[in-house]
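Below you'll find the structure, written out as structure tokens, and then a few comments.
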């Protein structure tokens, strides 16, 4: 009997030990800037997140399941909240699961359409985690919302997620009359990696004249390039919850299937040749970022000489399906109007700032909202009760306001 119980007892002790370690080493020491309101909430949220990651790694070591699968399973345990004003339908576009959100209130004219791509770095996030956000967007903007359940890590690496999203979007655009959607008011929208996918979709569909044109794109702290990791926000926010440098690199290396041993080489900029840096400096250089974002603990770093082996293994990062920010002007100038939301305490903040400048320089209309107290992932706290941050509501209100003006 005791022989059978021993492994369970050992596992329980390991889980408790991990919990105590996370609480002792992170709850009191997490880097929480003073400008972020409700610091205790963020410490609790960070501890929960780190606990799930650590426990997921234990399951991965035991070969029970991968860490991403464990974390997604735990996230999806919460029951979905029903909204009496929104009809939600589960569908499949081929093999791709999607959720369709339609306002119950009658409309005598075609509605706007939103294609939503959830965030999570390809590791976290699901149709369930962003369910309430999609309900809110549908109800408050009177839009038909399609949320895409693209395939994720670790089984599905680059470029599977983006291809799934492109395929689902094309399917939706060909079915607008079925859902009562106005073909002149279709918007793509996403947070984090989903925001990057939204721009990728816009770029890819520029060459599809037989499809309705995308009217606008809404990008919430989007991932828009996988090339440069030395910008001011990478230095200033490298340890800020919920997206620190270590976790960001984990997502990046897993998605591109790059050996993690290149981490320090990539951080020093030695993974790309000088001519590549020179080519893209006009778009990625820190001189394109407003001075007020460089005053706090930013120091320009010289790039180290090229590591040829690293370049051969990592140059996939230059693909526009990973780095839509570095597309040529001919492509960028054709992109639709954008609503860009950036957060001050986000590792990826500068992606939004650089993308905003590129679009504005090319004459593409941009509506920009900067959350001075925001951090990466804050939108996902919208339906977390005690752990909700006011910033999440402001972001959603900004999105709805933009949609209602189109």
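The backbone N, Cα and C atoms fix where each Cβ goes, glycine too.
TrEMBL annotations: computationally assigned, not manually curated.
Annotation comment: TrEMBL describes 192 (among others) as active site.
Its Cβ placed at the centre, residue 346 (active site) has 25 other Cβ atoms within 10 Å. The active site annotation in TrEMBL covers 346 (among others).
Among the features that TrEMBL reports, active site is placed at 376 (among others).
The feature domain 'Alpha/beta hydrolase fold-3' is assigned by TrEMBL to 114-259 (among others).
The domain 'Alpha/beta hydrolase fold-3' annotation in TrEMBL covers 309-379 (among others).
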Residue 376 (active site) versus residue 346 (active site) - Cα distance in angstrom: 5
Spatial separation of residue 376 (active site) from residue 192 (active site) - C-alpha basis, Å: 8
Cβ atoms near residue 376 (active site) (within 10 Å, other residues, all chains): 28
